[in-house]
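Peer 1: I have a structure here, written as structure tokens, and I will follow up with some questions on it.
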Amino acid sequence: MAVPDQKSSSSSDGKVWGFFKRPFRTSRNAAVMTTSSSSHNAPHQHSNAHGDGSNPNAANSVSSVARSLLPTRRRLKLDPHNKLYFPCEPGKQVRSAIRIKNTSKSFVAFKFQTTAPKSCFMRPPGAILSPGESLIATVFKFVEVPENNEKLVDQKSRVKFKIMSLKVKGPMEYVPELFDEQKEQVAVEQILRVVFLDPERSTPAMEKLKRQLADADAALEASKQPAEDAGPKIIGEGLVIDEWKERRERYLARQQGEGVDSA
């Protein structure tokens, strides 16, 4: 009977010690896990504290990156949109045309650039458009004779054009230096690729080019003509001066002076 009592007592003691050991092990592991988790979350909480406003440089950098990812808002509408069509006439200077319209609510300056300034030029090379205003720009290009009688029609050309825009405060005289003074505000509207067309073949692109060139020539001729007399000039507060009346009075005064001298 003594032996079973010892076994029972030892087993009971083992159970008691095991009972007490398990909580201590669990609590120790829990303490280790709690310490590691708190140390792991500490930098995260610290970074969150900076993100809440204690580090403005980080917020500014994030906002600048976000702005750079946004698409550029177009100020101009181009027609054609991304190509310049030229009649394929090797050895000659040919013309293309593009309509540029200001679709914004502000005055906008635009400027042409090309990868071949020696063989290409634009008229006008730049201008300032009021809101809703449009014009047709003419582009001149000398077509070089291809080697080995290679066909230029429907082939990609290395020559490209770029149209840039800049928002300005109001009506002013266009000067190219505007784009140098405000480089950060300059936007690239479009890069135009050169496409050659067969002048003897009637295509929608060729017919459209002819119409735009005719409109550009008509606008150029109209700009050369002197402005029509809009009537009497108004100067100051309600003072109306008729130029013809002023000339007549000066003529009569000169005639009277000559009569007095002769007498």
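Counting begins at 1 with the first residue displayed.
Note: Cβ is positioned from N, Cα and C throughout, glycine not excepted.
Residues or ranges marked as compositional bias 'Polar residues' by TrEMBL: 30-48. Positions annotated as compositional bias 'Low complexity' by TrEMBL: 54-64. Annotated domain 'MSP' per TrEMBL: 75-197, in sequence order. Annotation source TrEMBL lists region 'Disordered' at 30-64.
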Peer 1: For the domain 'MSP' (75-197), jot down how many residues DSSP puts in helix, in strand and in coil.
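Peer 2: So the counts come to 11 helix, 68 strand, 44 coil.
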Peer 1: Quick one: mean pLDDT on the domain 'MSP' (75-197)?
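Peer 2: Averaged over the domain 'MSP' (75-197), the predicted model reaches a pLDDT of 91.
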